[in-house]
Amino acid sequence: MSNFTAEDKAAITSLWAKVNVEDAGGETLGRLLVVYPWTQRFFDSFGSLSSPSAIMGNPKVKAHGAKVLTSLGEAIKNLDDLKGTFGQLSELHCDKLHVDPENFRLLGNVLVTVLAVHHGKEFTPEVQASWQKMVAGVASALGSRYH
């Protein structure tokens, strides 16, 4: 059973159709790494993350951010089964990468900020509420396989 209303789904999919995955993904992950520097420890292979400008200009940050948002696109197609959609990713992040599931919530909140910046007046309080519900659902699904 889905917690998403028809209005939520419309708000999420309508805005998603306008999102540039590469730009928004890179900015979202970059902001996460700048604002919450302890998250950098998961990205040792990305090279220099020594300053905000190094992070925001890092091609590996941009590429992984795009990968994250591409995965989010799958969630948007499967809003009624977020746990099923993210089952394997939850296992990977839990068992192999040992990522604290709280980081998924932080990333979702940063994404909402980036969407607000990129979409201005179109990002109404109602649209924000739908997106907050969605990123909270994704964070919960990604944390679902943790022991």
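Cβ from N, Cα, C; glycine included.
Computed from a predicted structure; not experimentally measured.
Copied from Swiss-Prot, the annotated features are:
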- His64, His93: heme b binding site (BINDING)
- 3-147: domain 'Globin' (DOMAIN)
- Thr13: phosphothreonine (MOD_RES)
- Ser45: phosphoserine (MOD_RES)
- Ser51: phosphoserine (MOD_RES)
- Ser53: phosphoserine (MOD_RES)
- Lys60: N6-acetyllysine (MOD_RES)
- Lys83: N6-acetyllysine (MOD_RES)
- Cys94: S-nitrosocysteine (MOD_RES)
- Ser140: phosphoserine (MOD_RES)
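For the recorded positions Lys60, His64, counting C-beta atoms within 10 A of each C-beta gives the highest total at His64. With every protein chain in view, the residue among the modified residues Thr13, Ser45 whose Cβ has the most Cβ partners within 10 Å turns out to be Thr13. A 10 Å cutoff on Cβ-Cβ distances gives Ser140 (phosphoserine) a total of 17 other Cβ atoms nearby, all chains included. Take the CB of Ser53 (phosphoserine) and look out to 10 A: across all protein chains shown you find 11 other CB atoms. If you take the Cα of Ser51 (phosphoserine) and the Cα of His64 (heme b binding site), they are about 18 angstrom apart, rounded to a whole number.
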